[in-house]
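Student: Residues annotated as transmembrane segment in TrEMBL: 45-63, 83-105, 112-134, 140-163, 175-195, 207-229, 241-260, 306-326.
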Amino acid sequence: MQTNFLSQQFNASFLAENSTACPANATICDGTSCVLPEDNFNQTLSVILSTVLTIMLAMVMFSMGCNVEIKNFLGHLRRPWGIFVGFLCQFGIMPLSAFLLSLAFDILPIQAVVVLIMGCCPGGTASNVIAYWVDGDMDLSISMTTCSTLLAMGMMPLCLLIYTKMWTDSNAIVLPYDSIGISLVALIVPISFGIFVNHKWPSKAKIILKVGSIVGAVLIVVIAVVGGILYKGSWIITPKLWIIGTIFPAAGYTLGFFLARVAGLSWHRCRTVSLETGMQNTQLCSTIVQLSFSPEELELMFTFPLIYSIFQLTFALLILGGYRLYRRRYVKTKTDVEKTAQKEDSKSIAIINGGFVSDEMK
C-alpha cells in the first residue's frame, strides 16, 4: 500500500513538473490527457473594453456635436450629395475591396468571411475626432457616421449575401441588430445634446469641443494600445491576415479620397469622406464574429478586427501628421493673413508719409 501511494505521489509530482505532459493549471489529469479550466480572459476584456468604448463614444459624440451648426447639418440632409458619395464608399468600395483582397491572398474561407464582415461594417466614431483635427467638414462627418450606422441594418445583410456566397451561407452569420441599434442611439443622443449646447451657449460649446477632442483622441490611442497588449494570442495570426489588415484601411482611405474628388467635393470634404471610408466600426465586427462562430473557428480569425483597428488608427495618425505639416509649411493661417495685411497697410501709409516705416511693422 505504501509503495502504491509513493508511486502515485511520484507520478503526480512528475506531471506537475513536466509541462509537456500536463499543464500545472489542469483540473483533471490522466497521462497526457488533461481537462483545463475555461479561459474567460478575452470575454472579460471584451466587456471592459466595450464599457470604456461606450463611455468614450458618448463623450466624443457630445463634444463633436458642439461643433455642428443646425443649418449646415440639415443642409447636408436636404442636399445629400456628400452623404451619397460616402454611402458609395462605405457600402460599395469597402465590401468590394474586402472581396478582392480575400481572393488575391487566397486565405481560408472562414478568414475571408471575417474580412468581408469588416468591409461591410458602418463607419466608426473615431473618424469624427480625426476629421476635426484635419479641418474636415464636421457636419458631413457626423451625418455620414449616423446615416451609415442606420443604413447598416439593411446594407450589411445585403452585402454579406452578395459577397459570402462562395465561402459560407450568409444565414450562418448572426447580425446583432441590438448592438447596431445601441450604436445608433449612442450617436444620436449625445450629438443632439451637443448641437443644443452649441445653439444655446456657443462660447461654452467651444471649450467642450476642445476638451472633448483631446480626451477622445487620447482614449482612442489608449484603448488601441491596451487591446493590442492584453488580448491573448492577438499577435499569433497568419501573415496573410497581417498584410490584409495593413492594406485594407490604406485602400479605404485612398479610394474614398479619390472617389470624393472625382465626385467634385471640396478638399476638406474629400478628407472627411476618406476618413469615414477607411475607419470602420471594429467593435461591431468583433461582436458579429463572436456571435457567429465556434471557439475553434475564432482561433483562426478573431483578432483580425484588432489588427485592422491598429492599422486604421496608425494610418489616420499619419494622415493627421502629414496634413498638419502641410498646413504649417504651405497654408497661411488667419493670423498670418492679418499680419500680412497689416504690413501692406503700413507700407502704403509709409509711402504717403515720406517712406517712414516703424520697426514694429518691418
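Any Cβ shown, glycine's included, is placed from N, Cα and C.
Any TrEMBL annotation is an automated prediction that lacks curation.
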Student: Cβ pairs under 8 Å only, please: of the recorded stretches 140-163, 175-195, 241-260, 306-326, which one is richest in them relative to the transmembrane segment (83-105)?
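Tutor: Comparing 140-163, 175-195, 241-260, 306-326: 241-260 has the most Cβ pairs near the transmembrane segment (83-105).
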Student: Given a Cβ distance threshold of under 8 angstroms, which distant residues of the chain, six or more beyond its ends, lie next to the transmembrane segment (140-163)?
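Tutor: Beyond its ends, the transmembrane segment (140-163) has Cβ neighbours at 61, 64-65, 68, 73, 76-77, 82-83, 86-87, 90-91, 95-96, 98-99, 116-117, 119-125, 127-128, 131-132, 170, 173, 175, 177, 180, 183-184, 187-188, 191, 269, 272-273, 275-276, 281.
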Student: Under 8 Å between C-beta atoms and at least six residues away from its ends: which parts of the chain pack against the transmembrane segment (241-260)?
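Tutor: Answer is 82, 85-86, 88-89, 93-94, 97-98, 101-102, 105, 107, 111, 115, 118-119, 269-280, 301, 304, 307-308, 310-312, 315-316, 319.
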